[in-house]
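Going by TrEMBL, these are the annotated features:
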| type | residues | note |
| --- | --- | --- |
| DOMAIN | A:76-267 | domain 'ABC transmembrane type-1' |
| TRANSMEM | A:15-36 | transmembrane segment |
| TRANSMEM | A:80-101 | transmembrane segment |
| TRANSMEM | A:113-140 | transmembrane segment |
| TRANSMEM | A:146-167 | transmembrane segment |
| TRANSMEM | A:188-213 | transmembrane segment |
| TRANSMEM | A:246-267 | transmembrane segment |
Amino acid sequence: MFRTSARQNPLRSSALHLVLIVYTLICVAPILLIIMNSFKSRRGIFGAPLEFPRGETFSLEGYETVFTIGNFPLYFQNSLIVTIVSLLLTVVFGAMAAFALSEYRYRGREILTLYMILGLMVPIRLGTVGILNMMAAAGISNTLTALILVYTAQHLPLAIFVMSELMRQVSDDLKNAARIDGLSEYRILFRLVMPVMRPAIATIAVFTMIPIWNDLWFPLVLAPSEETRTVTLGAQFFIGQFVTNWSAVLAALSLAIIPMLVLYMLFSRQIIRGITSGAVK
Amino acid sequence: MGELAFRNITKRFDKTEVLRHIDFQIEDGEFVVIVGPSGCGKSTLLRIAAGLEDQSEGQVIIGGTDVSLAPPAKRAIAMVFQSYALYPHLTVEGNMSLGLKQARTPKDVIKERIAEATRILALEPYLKRKPGQLSGGQRQRVAIGRAISRHPQVFLFDEPLSNLDAALRDQVRMEIADLHRRLGATMLYVTHDQVEAMTLADRIVVMHDGVVQQIGTPRELYKTPANTFVAGFIGSPRMNMFQGQANSGVIRAPGLPPLPLPEGTALSGPVTVGLRANGLDLHPAPGAGADTSEVVDIDYLGNVCYLRLTLPDDATMVVEQRPDHPFSLGDHVTVTVQPEEVHLFDPEGLRI
């Protein structure tokens, strides 16, 4: 409907595009600024912050600092491990919990659903002290495991909420046909239900992955040591109380965008399908 | 060997009873159709037979074995669903073989079974396609093929034709009838469509509100419905029902001529009179009178006509006529009843 009316009216269509282009510029500008300035010398950053790097302002000193002084390959590895493992755990356990909540009838199911969803309303940072004590008692502070556990717990509620709503829409007949064919409940979940829900899972993956990758709080509290430092925490290394090495900070941040960009591109086709699946049929 | 028996099955969801004391048996090789309005519990009963739903009380016996507690895959059944329920990521061949692979059937047996199902349903051209590339009728044929390849003792059908359009529905219905003749297998088929029930079934089970109303051949149900529900449900158009009084050998109902009671019955008090559209005759009347009805609607169907009449007391009645009948809208007519076509029910709705 919308597409045809837009096509019939070029004025309206161009106005729409104008609004979208302006909005895109507003969104992209800060990122562009970071990337632009990461290729400048310190003088260039402060002398002409809005200009593209040119002859005398162009410099790779930020990137050189990042790769020589900091231990960035390790930080990247840490961030990737934490993000990907948390993501996998969230999706796998979220799907299993959602299946249990949406598929079976048993006593206390409503209470259990509410309990799971309650996590959406409680800001996890309020529990930082408790979490820190718990991790110390368990002897896993300053490990990536601590971060993975916290992030998985933090993102499970949303995953369960979204997936259990969607699983209700997967045809009962299909699951029953599989039961008659003798498939186990696990295979029904992972081989039949999850593939049907691929767009939803991609959406959940993105909403889980970006906050984990960007998080500064828990790495700072739970895993600040050199070996477990994540990229966001590592970039702080260049921000001092009195002197900040801006070109290095910006270079570190520019690099930090890349993995997320790659993962987003992997998921994006599914996400677009997920977002539009209800609207366009 | 392929009998299916329900022994006193009761099913409750929380406190509501959706099935009450269901107790009947389907003989080996018999085609039984369960029919009833939506919400009568017919699908629940089928799902209990398949093991997809637990009964609250009672037993399910398949082929002489009590399978009340067995999981679906161990019951020697196969099921065909309304929504086809094909695995979207597998080819037609994969859909038919998955259950067999799961049961660790030897490879050559699987191949043989698939070849057999393919031959029976002429699925050869589609074997390598995925369900998404097939039409509705083809998908349902594949679903039936999947059932055949399992070599079950009992086939279960859950409204398999409801998602198909009218022309395809007739075609697939005939294929199912052929299939039953060729395989001679026990089949239990659930539908809300009485045409499917009448044409396919050896015996029909009519259900209403979780209770079996009557079990019998299509002819028995039509000729001698056990109660007013079955009388109203089986047969199209619906049987005309009137409240009347029986007194000294004659039944009087408003708007109807007096009806003689059947020989040998001494009955008095309130009765329900059921008259099928084809058990009535019409005669032209000169004008409106105390015992005349008015033709208010004529449905012309080609081979027959259905006339809707308004009786003197404003009740309506549908009468079947040959297409060359002499009546037109607004005509006044008198109705006479063919005595052998009168169905009588007591105040509880049971057949007298």
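Even glycines carry a Cβ here, placed using N, Cα and C.
A TrEMBL annotation is a machine prediction, not a hand-curated record.
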State the non-local partners of the transmembrane segment (A:113-140) in its own chain: residues 6+ outside its ends, Cβ under 8 Å from one of its Cβ atoms.
97, 101, 146, 149-150, 153-154, 156-158, 160-161, 164, 217-218, 221-222
Distant-in-sequence neighbours of the transmembrane segment (A:246-267), which means Cβ under 8 A and at least six residues beyond its ends:
31, 34-35, 37-38, 40-42, 45-46, 59, 61-63, 65-66, 69-70, 72, 76, 79-80, 83, 202-203, 205-206, 209-210, 213, 231-232, 234-235, 238-239
Who are the long-range neighbours of the transmembrane segment (A:188-213) in its own chain, taking Cβ under 8 Å and residues 6 or more past its ends?
79, 82-83, 86-87, 90-91, 94-96, 99, 151, 155, 158-159, 162-163, 166-167, 170, 174-175, 178-179, 231-232, 256, 259-260, 263-264, 267, 270-271, 273-275, 277
